[in-house]
Ligand SMILES: Nc1nc2c(ncn2[C@@H]2O[C@H](COP(=O)(O)OP(=O)(O)OP(=O)(O)O)[C@@H](O)[C@H]2O)c(=O)[nH]1
Ligand SMILES: [Zn+2]
């Protein structure tokens, strides 16, 4: 009797968890489509919309629907670009009535935000900043998961508007997600990664390969394990490469980075070592997504380095998390590895996830005139161990 009550409770909890996860996932799609969603934190409701691509008068319309004044929630990285370095947390910036959309976007991710401040000084704007609420912070997390610019247009739902908003939520025309669930949507969901399908794919650099596809529980991202040879036969640690997706470099051979060379070199190296695994992770642009990586490239063309460019867009140095890689390794029964990387962050992340990194092996692409500045910035700003490639003669950009 007791155990069936316990079972009922745990299956109800699982159903509730799956329902809210589903809501969060749907909210992310609505935000990507430019629609508003509601974030609930206790009794508070906040109406939220993405900033990028927003149509003219969006702030006024959102405020009219919610009753509260419109504001921009800015990440701590964006705040520091605006000169607000005293806070390590996101903040809310109230928007003046009638602010043009173009200027709102410039505040959120423009290269020269000063132009959007109008006649007021930065100090005037800063004086109006208030700490972000839990719902505001959750809005930023949703934007990140949606691979949108991490800045949110928000308006608090006032009491007089609450019934109308609740009615829209009940009718299904507006989605509402609890702030705690939204805040957790970037965390890994240990043990819930689905192994979906697999096939043999012979590669030029390694003939005996099997591609195994894993899907995250919310269905939003898929990652591939490329198993080369039979790693179980490797007596010592399994040769492993964690490779973050780079469409431009991996597929098109972009000269702006070293990714394509590293990818192919890793496959060849694993093959030479008698087998191992390459995890191809859906972490385009160090986790900011392709749209934002292209924005960051344009900022780099204007003179910023790779770290500062991401920060102008509101991101940190590196937005990747590796819990999904740890889950994939567990699913493959791999616990001791020889990691091919120049990035100390990857070693630390695996160790934190309980994977023993017995050895690090450097893995270089080639240096050219187009990627020299990028590689230098990775070494100097992000601590990547790139002496071996930066000291080599450049191939001149082909
Ligand atoms: N945001 C941003 N991402 C970039 C830029 N250039 C390359 N990337 C991305 O950086 C990531 C590089 O991935 P990896 O090669 O796996 O990792 P790494 O951090 O360089 O470390 P290694 O293991 O030493 O190669 C890919 O997701 C690329 O898309 C850039 O200028 N800006
Ligand atoms: Zn690349």
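Glycine too: its Cβ is placed from the backbone N, Cα and C atoms.
Here TrEMBL flags 1-20 as region 'Disordered'.
If you look up TrEMBL, you'll see 195-361 marked as domain 'GTP cyclohydrolase II'. Summarising model confidence by region, the domain 'GTP cyclohydrolase II' (195-361) averages a pLDDT of 95.
All protein chains shown were included, and the count of other CB atoms within 10 Å of the CB of residue 243 (GTP binding site) stands at 22. DSSP assigns residue 243 (GTP binding site) to a strand segment in the three-state reduction. Among the features that TrEMBL reports, GTP binding site is placed at 241, 242, 243, 244, 245, 262, 284, 285, 286, 306, 341, 346.
Sequence-distant neighbours of residue 246 (Zn(2+) binding site) (same chain, 6+ residues apart, CB-CB distance under 8 A): 254, 257, 259, 260, 284, 285. If you look up TrEMBL, you'll see 246, 257, 259 marked as Zn(2+) binding site.
Long-range Cβ contacts of residue 318 (active site, proton acceptor) within its own chain (separation 6+, distance under 8 Å): 286, 287, 345, 382. Under the heading active site, proton acceptor, TrEMBL lists 318.
Per TrEMBL, active site, nucleophile is recorded for 320. The Cβ of residue 320 (active site, nucleophile) has 244, 281, 283, 286, 287, 345 as same-chain neighbours under 8 Å, each 6 or more residues away in sequence.
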With the Zn(2+) site defined by 246, 257, 259, which remaining residues of that chain have Cβ atoms positioned within 8 Å of the Cβ centroid?
248, 249, 250, 254, 256, 258, 260, 262
Please compare the binding-site residues 241, 286 by how many other CB atoms fall within 10 Å of each one's CB, and tell me which has the fewest.
286
Quick one: of the recorded positions 241, 246, 318, 320, flag those whose CB is under 6 Å from ligand 1, and say none if nothing qualifies.
246
Return one of helix, strand or coil for residue 286 (GTP binding site), based on DSSP.
helix
Identify which of the following recorded positions, namely 245, 246, 257, 259, 318, place a Cβ less than 6 Å away from any atom of ligand 2, and list them by sequence position.
246, 257, 259
